[in-house]
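Here is what Swiss-Prot says about this protein:
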- 96: active site, proton donor/acceptor (ACT_SITE)
- 208: active site, proton donor/acceptor (ACT_SITE)
- 32, 33, 64, 65, 97, 98, 209, 210: substrate binding site (BINDING)
């Protein structure tokens, strides 16, 4: 059985109690194409429980992995702009590896608030591996992007990187969050290239924010001692630092809420899940 492991510098992190008046809190927007960004939101909220959160998922264009870079950039900028018209934003977290690798420059040029992105945790994985073999589990788009290859060249030149690109894992994570069951046989089929290796990865980077939602299932299938690493804790720490060092915070007393881009039976089924995550309601975003 594998072991779940999230951050090379992880210690026992307690929640940071805000010095701000709890009736007036700065707003953090967490954005993803689907529900995978909830794994990032969960880490941020654990560290900063007193903030006002907005979660937006673009279920109309989900998944982003198969979309063009131009489409993603235009889409993300448009959605963030629509939220800005409704809420005073302190920080935006793009909790999607695919969107982060292509849209951050455009977002930072357009908006004045800080924008935090998510990238595969190649650097800590390269430091943690014991056998020199690191697995990258991500979407095909993330695996093939030049940005990911640059991370590998910069931080993991002494390692062998074994990559698996899978859109099916994204769908499985969505199914799980909607209350469905994940088939171990399907996971074994996806992970088959690693399971048959004489020297498989001992450290696996979860390079999509959906994949931590499947950590429980993945550790049952990967070899004993395999470490799973994602970027959640690092993103939470970065967000906490930015909140602390922001000037002229515009605060709100509103409840945390979620937005989607289209409403259907799937989003109806998500409402109780989102409420468990602390969101008072789910609305359709009009752009």
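Just so it is clear, glycine is given a Cβ too, placed from its N, Cα and C backbone atoms.
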For this session: Would you mind pulling the DSSP three-state label for residue 32 (substrate binding site)?
Result: strand
Problem set entry | Site of maximum Cβ density within 10 Å, from binding-site residues 33, 97, 98, 209 | 209
Exercise. Counting across all protein chains shown, how many other Cβ atoms sit within 10 Å of the Cβ of residue 65 (substrate binding site)?
Worked result: 23
Exercise. According to DSSP, which of helix, strand or coil covers residue 208 (active site, proton donor/acceptor)?
Worked result: coil
Exercise. Over all shown protein chains, what is the count of other CB atoms within 10 A of the CB belonging to residue 210 (substrate binding site)?
Worked result: 29
Exercise. Tell me which residues of the chain lie with their Cβ under 8 angstroms from that of residue 32 (substrate binding site), as long as they are six or more apart in sequence?
Worked result: 38, 40, 56, 57, 58, 94, 95, 96, 99, 209
For this session: Fill in the CA-CA distance, residue 97 (substrate binding site) to residue 208 (active site, proton donor/acceptor), as an integer in Å.
Result: 6
For this session: Determine, to the nearest whole angstrom, how far the Cα atom of residue 208 (active site, proton donor/acceptor) is from the Cα atom of residue 65 (substrate binding site).
Result: 10
For this session: Starting from the Cβ centroid of 32, 33, 64, 65, 97, 98, 209, 210, which together make up the recorded substrate site, report each further residue of the same chain whose Cβ lies within 8 Å of that point, ordered by sequence.
Result: 34, 36, 37, 63, 96, 99, 139, 170, 208
